[in-house]
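Have a look at the structure below, then the notes.
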Amino acid sequence: MAQTDTLLRYRPWRGTPRGPLYASAALARASLKLLLRRRLMWGLFALALLVFFFFFYAQYLVVWITNQLATETVRFAGIPVSASNLTRFLDRLALNGTAHTFGNFIWYQGYVLVIVLALAGSVLVGNDFFHGSLPFYLSKPIGRWHYILGKCLAIGVLINLLTTVPAVLLWVEAGLLYDWRTYYFENLDLLAGIIGYGLTLTVTLGLLVVATAVWVRRTVPLAMIWMGLFALLPMLAGWLVDSTKDERWRLIDLWNNLYLCGLSGLRADPATVRPQPQPEYWEAWLAVAGVVGACVLYLRRRIQAVEIVS
């Protein structure tokens, strides 16, 4: 009986009290644990690794062919191909440690990232609204922005694991393949640009994932919306640009806008961006800022309403 009384009686908090920002970190940690229990998420991570390994080994292959087979020929299916023609094909992918190497890598990772974000938005945010568990979070001594911050932190970890961290590893590899003293010290701006690109993706896509998940809540419609953003809008933008000869129609393509913002941080020449023509860098930044502002206003309205009802 004495043991039962000890278990059931009130026990005061013995830990160190912390601010509400630590609650956001706890929300992010719990959200990541929830996502990592899904086997589909690990399968998507494996698919993203394939893209990374392609760029990793292809970058090494370009240097090896240039140094070892510069004047030789290589046979493919019995057909002799000169090493210069082979490297010319690979050069189109910009596998040479320049700004377009990292820009192209993050661009291609977007095809996997869109599926990850659709799943993450439904699991982390949509279910809280669908099952009515959001008032439970807001009943704690945290504000609605602490909830949004925690969810955005969890989504930001996923975004950076798929884009920023592998891009930094490619930057390190490029320095080891070339003269590392020259490459690292002369291309620190590329490292800063990669980190800035990742930060831009984290803020923009994090808020967009939370906003769309609050709106539709379920996985299937959320995936359809994200596929529309990353598949339908690029095709529509390309058709409008070709029809009207006005490059500003590309501003309806969010992923292209983020790509231009990233290349501006990587200090890439606008004339080398493909496909051409492209809007100015500042126009892409303005479009991205508009998306971020719209997401913030929508989340403020929706979550404030939940807090009042609760």
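Backbone N, Cα and C define each Cβ position, glycine as well.
Annotation comment: TrEMBL describes 40-60 (among others) as transmembrane segment. Tertiary proximity for the transmembrane segment (40-60) is limited to same-chain residues at least six positions away from its ends with a CB under 8 Å from its CB atoms, namely 90, 93, 95-97, 101, 104-105, 108-109, 112-113, 115-116, 119, 161-162, 166, 169-170, 173-174, 177.
Remote same-chain partners of the transmembrane segment (105-126), defined as residues 6 or more beyond its termini with a Cβ less than 8 Å from a stretch Cβ, comprise 31, 34-35, 38, 40-41, 44, 47-48, 51-52, 55, 151, 154-155, 158-159, 162-163, 166-167, 170, 197, 201, 205, 209-210, 212-214, 216-219, 222-223, 225-227, 229-230, 255, 259, 262. Here TrEMBL flags 105-126 (among others) as transmembrane segment.
Long-range contacts of the transmembrane segment (147-171) within the same chain, counting only residues at least 6 positions beyond its ends with a Cβ under 8 Å from a Cβ of the stretch, are 21, 23-29, 31-32, 35, 45, 48, 52, 55-56, 59, 97, 101-102, 105-106, 109, 112-113, 116-117, 120-121, 124-125, 134, 137-138, 187, 190-191, 194-195, 197-198, 201-203, 205-207, 209-210, 299, 303. According to TrEMBL, the feature transmembrane segment maps to 147-171 (among others).
Distant neighbours of the transmembrane segment (191-216): 99, 102-103, 106, 113, 117, 120-122, 124-126, 129, 148, 151-153, 155-156, 159-160, 163-164, 167-168, 171, 222, 225-226, 254, 258, 261-262, 265-267, 288, 291-292, 294-296, 298-299, 302-303; these residues of the same chain sit at least 6 beyond its ends, with a Cβ under 8 Å from one of its Cβ atoms. The transmembrane segment feature in TrEMBL is assigned to 191-216 (among others).
Here TrEMBL flags 223-241 (among others) as transmembrane segment. Beyond the transmembrane segment (223-241), the same-chain residues lying 6 or more positions past its ends with a Cβ under 8 Å from any Cβ of the stretch are 110-111, 114-115, 117-119, 212, 216, 247, 249-256, 275, 277.
TrEMBL lists 282-299 (among others) with the feature transmembrane segment. Same-chain residues lying 6+ beyond the ends of the transmembrane segment (282-299) with a Cβ under 8 Å from its Cβ atoms: 148, 200, 203-204, 207-208, 210-211, 214-215, 248, 251, 254, 256-258, 260-261, 264.
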